[in-house]
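Trainee: Per Swiss-Prot, the feature active site, charge relay system maps to H64, D109, S203. If you look up Swiss-Prot, you'll see C31-C162, C49-C65, C97-C255, C141-C209, C173-C188, C199-C224 marked as disulfide bond. Marked as domain 'Peptidase S1' by Swiss-Prot: 25-248. According to Swiss-Prot, the feature N-linked glycosylation site maps to N102, N169, N250, an assignment based on a curator's inference. Look at Swiss-Prot and you will find 1-18 tagged as signal peptide.
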Amino acid sequence: MVLIRVLANLLILQLSYAQKASELIIGGRPCDINEHRSLALVKYGNFQCSGTLINQEWVLSAAHCDGEKMKIHLGVHSKKVPNKDKQTRVAKEKFFCLSSKNYTKWDKDIMLIRLDSPVKNSAHIAPISLPSSPPIVGSVCRIMGWGTISTSKVILSDVPHCANINLLNYTVCRAAYPELPATSRTLCAGILQGGKDTCVGDSGGPLICNGQFQGIVSWGSDVCGYVLEPALYTKVSDYTEWINSIIAGNTTATCPP
């Protein structure tokens, strides 16, 4: 069994805000207010995801985060005490490799969102560039998001939590999840000893390896941070040509097979 890391209506009923910084994304710590300028909070109804600002008008997230009347919040740190430079947009257009209803957890869990108007760079808002090359196994990668910070129940953090994990060989995830295909356009990342991981509510957020935006939170173990069960992230470098084509105006561009 695997867990898609989006916060659903049934889970939101268990929602409570974290009171202790020591209740650690899973195993993380509150992010520095200045280290997540490209991180977007994506909300619609009772659902929560994250996204990544890649230029003033475009955000990348996971296809399984798609929803109606989606709002994209930039410049957010504390959800209770908004930054003065917080900016909120809605999705003008959304692009997928597959229908958002037909994505698979093995492949193409990616959504490119065009905002209804550009955001302005500010103290807490700035885009991150697409990767110039694929990541290297063994890289230290940063994860971040407002998802649950407890494995026993859904406890959403008021501020994003950050943690460092390792980029692992894809074969490690195949050993953990035998149903995985021999190859896929995903990255395997985590801590084999367990304890640090993305979790429910972190879907769509970034995996930043050696300063480059390399992955999108997709799915993982039913128990976040479990030993020998790392998570899977959409491999951004495989989609840069498609992303750049869409942004350039070629809305019929096709994704890699």
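Glycine is treated like the rest: Cβ placed from N, Cα and C.
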Trainee: Which of the disulfide-bonded residues C31, C97, C209, C255 has its Cα nearest to the Cα of C65 (disulfide bond)?
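Mentor: If we rank C31, C97, C209, C255 by Cα distance to C65 (disulfide bond), first place goes to C97.
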Trainee: Cα of C49 (disulfide bond) to Cα of S203 (active site, charge relay system): how many Å, rounded?
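Mentor: With distance taken Cα to Cα, S203 (active site, charge relay system) is 5 Å from C49 (disulfide bond).
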Trainee: To the nearest Å, how far is the Cα of C31 (disulfide bond) from the Cα of C141 (disulfide bond)?
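Mentor: Roughly 14 Å, rounded to the nearest whole number.
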Trainee: Most Cβ neighbours within 10 Å: which of the disulfide-bonded residues C49, C162, C188, C224 is it?
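Mentor: Comparing the disulfide-bonded residues C49, C162, C188, C224, the most crowded Cβ belongs to C49.
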Trainee: Roughly how many Å separate the Cα of C224 (disulfide bond) from that of D109 (active site, charge relay system), to the nearest whole number?
Mentor: 19
Trainee: Using a 10 Å radius around its CB, how many other CB atoms surround C173 (disulfide bond)?
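Mentor: Looking across every protein chain shown, the total is 21.
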Trainee: Long-range same-chain neighbours of N169 (N-linked glycosylation site), Cβ under 8 Å, sequence gap at least 6?
Mentor: V137, C188
Trainee: How many Å lie between the Cα of C173 (disulfide bond) and the Cα of D109 (active site, charge relay system)?
Mentor: 17
Trainee: Counting distance between Cα atoms, which of the recorded positions C97, S203, N250 is nearest C209 (disulfide bond)?
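Mentor: The smallest Cα gap between C209 (disulfide bond) and any of the recorded positions is with S203.
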Trainee: Within 10 Å of H64 (active site, charge relay system) (Cα to Cα), which of the recorded positions C141, C162, N250, C255 do you find?
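Mentor: Hits: none.
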Trainee: When you measure from the Cβ of C141 (disulfide bond), which residues in the chain that are at least 6 apart have a Cβ under 8 Å away?
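Mentor: In sequence order, P135, N164, I165, N166, L167, A189, L207, I208, C209, N210, Q214, G215 meet the Cβ cut-off.
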Trainee: Enter the number of other CB atoms within 10 angstroms of the CB of H64 (active site, charge relay system).
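Mentor: Around H64 (active site, charge relay system), other Cβ atoms within 10 Å: 22.
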Trainee: Give the three-state DSSP assignment (helix, strand or coil) for C209 (disulfide bond).
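Mentor: It is in a strand.
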